Each structure stands twice: as structure tokens, then as C-alpha cells.
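S.K.: Here you go, one structure.
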Amino acid sequence: MTDIADVLLVHGGTPLEGEIRVRGAKNLVPKAMVAALLGSEPSRLRNVPDIRDVRVVRGLLQLHGVTVSSGEEPGELVLDPTRVESANVADIDAHAGSSRIPILFCGPLLHRLGHAFIPGLGGCDIGGRPIDFHFDVLRRFGATIDKRADGQYLEAPRGLRGCKIQLPYPSVGSTEQVLLTAVLAEGVTELTNAAVEPEIEDLICVLQKMGAIISMDTDRTIRITGVDKLGGYTHRAIPDRLEAASWASAALATEGNIYVRGAQQRSMMTFLNTFRKVGGAFEIDDQGIRFWHPGGPLNAIALETDVHPGFQTDWQQPLVVALTQASGLSIVHETVYESRLGFTSALNQMGAHIQLYRECLGGSACRFGQRNFLHSAVVSGPTKLQGADLVIPDLRGGFSYLIAALAAQGTSRVHGIDLINRGYENFMDKLEGLGAHIELPRKDAEPAPAVA
Ligand code: EPU
């Protein structure tokens, strides 16, 4: 059950118009903060958004003796790791369930302290989200892992040594685990079937600035030659292409026009192609991208999510809301997370027609086809959406509910909005700046949510 302060009233039917700014990528910034742990000198990270994932990592770094302070420019953090120390297990455990980033502390802490404690992880409920690849990777480097009730205890009694690793799937987090462990490991590490998302390239840039030796081949192979010591870095985080696409989808679904300052074409090319196929318009300049609905009907499309350079899974949920307004049958095949389409049941409650299937529809067969997961969708549109009581299921699903509520006629009560703060900086101010009619309900006026 959500708390009253966690509910937003959204009066829909008004196009979103105006300008917002995206800052550093949620899926890079916390990892670059962890990388600072590997250095022998302070690091400066710029373009840091004020989101919960950043606050969680900041807290965990501070528990380990890293001094984190504000730099000269807004959104700049100075991370000083010169006094890294063991943290109290109970204090670390207070962060259990808060995020998935703590798993990436393993390699850096093993290098710095010879041991690490990792609490239970959080993150969005969009599939099983196992961490087996991470532990396989760490064992290959020479770590021992003791799983106990309160979390995982790791040690590296003989240090960490470079190795050959082939990932079963190009997992983003596991690739980052390898990078953050291999840079100070003894010898060469060769990682095949690596993820190559733009946020990973940016993490490699951070590590290279610190003194690491990392090369990327064209075939998802990354080679890392371990070095004895790393320094600090000064780095401006790449902008959040996932947040930018969320606002683009909001412009399309509400028939609006949003200039996303900070959005970059290079990391969004696949999204931009799809946006154009659906019928959305955009214009790119040096500072950002303007997205708008050009009028007339939108087109149904076939969409398959994939690892980069494919269509990013985090773009899927917001765009599906816009697809409810397209004419005809759209097919969506989610191949990265087995349960990332559950959010559509609330859209149906609002008037959308979305049917889920266990089969791989519309494209190639994926890992989930034989495993009974509802991971394909047929969206039949256009459908008028009506306001409803909505309970936010996960970060991107939550933002999608906001888009749907804004596109709908009438008022929606959106419960659990605090989850959105995990990855969308200042989203309520941004919405108001775009002309959205939103309000926090009065304390005495809030009924319990109708949807569990
Ligand atoms: N997987 C395993 N075992 C593992 C690790 C992953 O089976 O040990 C599977 C996952 O279950 C999933 C697939 O591999 O089916 C891909 O997972 P990946 O490791 O790539 O995801 P992640 O690192 O946990 C990051 C982002 C996600 C984003 C994915 C894919 C962060 C903090 N999270 O997650 O972002 O969807 O990569 O690009 O960087 C979001 O921003 O809303 C979000 C969920």
C-alpha cells in the first residue's frame, strides 16, 4: 500500500509542450561513482542527476570511507577514495533492496580491502533478474563467495587474476562487473559476448582516464590489460538516452511537442528510426532534440527489444503507450526481460486493447519462447484512454502510467510515484513546466487504491 505523499493526481487531455533537460545517464553515473573506488586519487564526475540511485551509491561509498562532496559546477561530485575502509555489515545491510548497483562494488572492494559484503539487491521487478553471471565472473577472477542469509560475503585470498570469460548473454551489469574487476587484476582479461551499450562505452572512457588499458573489438569482445594502480578521473557523464526517449514518447502520446535539451542523436539512433516509423517527428540540433506529434494518425509497427545497438528494452514501455494511439495492430516482442509487459494490464483498464502472448511474435525466436513467459504483445489501436487508479509497478512502467494518465480523458490517481524518483530527476517540476495538470492530493481526500 502506498503512502499519501506517494500519490499523484493527473488530470489528462492536455498536450505536453515546452522544454526539459536531461542530465547524466542513470545507467552510467552510479557505475562511474563505483569506479572512483578503484583510484588512488579523487575523481570528479559532472552532469550527475539528483536521483535515488545516485543517493544510494553515494551512501554506500561514504560507508566505505569515500568522501563525496559537491564540486564547482552544479551536478558535479568529487569522490575522494584515499581513505577506503571496511564498512559495518549492518550499515551496508540498511541499503538492502534499494538498488542493483551494490553488486558492482565487489571487484573494487576486493582490490582495495581483500573482502566485500553485498546486501540483497533491489531494482525493478521486470523479471527474475538473477546475478549468477556476476558470481561466475568473480569466481573466474579468483574470488570466493559465501552466500549467507543477510547477503554475500566475498574474499580474494590470493588476489584477483585476469581470465577468459564468455558471457551466456550480453548482460550490461556483468560486463561492468568484468570491467571494474579486470582493470586492477593481474594479467589480461578477455571478455566475449560483452554488452556494448553506450553507458558501457562511457564507463570504459572513465576507466581509461584513470589509467586502465581496455580495447573493444567489433565482435563484442573486450580486452583488458590489468595495471598496478589507477588514478582519478574528471568526466562528464553521457546524457540519459532512456529518459530522453521517455519524454519523446510522452510528446507523441499526448499530441505534444517537447524539446529535450541534452538528448543526443548518436546514442538514440535506433529509437529515432522507430519513432519516425510510428509517425512521430523530431529535429536534432547541437543542444538537444525536439520531438512532436505532427498531427494525423500514427502508424502501427512491429517492435523487438534487444541489446545495443537494438531497440533498448527501457524504451519499450513508454513507447507502448504511444502505440495505443496508432492505427492498426502493433506487435511488441520483449527479448531482454521476461516480465516487462505486465504493466499493460493497467493500460487495458484505461481503455487500451493489448493482448499478451507466450510465443515470440513478429521477429526472431528469443530465450523466452519455450519458457512460458508472456513476453509478446499485440496492441490494437487507436483507443481512447480514460483516467484510472494506477499502481506503479516499476520505474519505466511507472513513467508509462504517467504518460497514459496525461494522454487520457479525466483524472487518474497514480500510486507509488516515489519509485519514479529512482531514475527521473525532478519529474514533477518537469511535468508542470510542460503544462501537465498534476497535483498532490490533500491528506484528508485520498481513498485507498482500487488496484493492488
Ligand atoms: N541476467 C542473468 N544473469 C545475470 C545477469 C543478467 O540471467 O547474472 C539476465 C537478466 O535477467 C536479463 C538479461 O540478462 O534477462 C539482461 O540483464 P542485464 O544484466 O543486461 O541488466 P542489468 O545490468 O541488471 C541494466 C540496466 C537496466 C537495463 C538493462 C539492459 C542498470 C542499473 N540497469 O540492468 O535498466 O534495462 O541493463 O540494458 O544499469 C532501467 O533503467 O529501468 C533498467 C531496468
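Backbone N, Cα and C atoms are what each Cβ position is placed from, and that goes for glycine too.
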S.K.: Please state which member of Val68, Val78, Val332, Val336 TrEMBL lists alongside Arg100, Asp314 for binding UDP-N-acetyl-alpha-D-glucosamine.
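M.R.: Candidate listed by TrEMBL for the same site: Val336.
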S.K.: Under a three-state reading of DSSP, tell me whether Asp314 (UDP-N-acetyl-alpha-D-glucosamine binding site) is helix, strand or coil.
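M.R.: Helix, per DSSP.
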S.K.: Where Arg100 (UDP-N-acetyl-alpha-D-glucosamine binding site) and Asn27 (phosphoenolpyruvate binding site) are concerned, what is their Cα separation in Å, rounded?
M.R.: 11
S.K.: Other than Arg100, Asp314, Val336, which residues of the chain come within 8 Å of the UDP-N-acetyl-alpha-D-glucosamine site, judged by Cβ distance to the Cβ centroid of those residues?
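M.R.: Those within range, site residues removed, are Asn27, Cys124, Ile126, Val172, Thr313, Tyr337.
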S.K.: For Asp314 (UDP-N-acetyl-alpha-D-glucosamine binding site) and Asn27 (phosphoenolpyruvate binding site), what Cα-Cα distance in Å is obtained after rounding to a whole number?
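M.R.: Answer for this pair: 11 Å between alpha carbons.
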S.K.: Where Cys124 (active site, proton donor) and Val336 (UDP-N-acetyl-alpha-D-glucosamine binding site) are concerned, what is their Cα separation in Å, rounded?
M.R.: 13
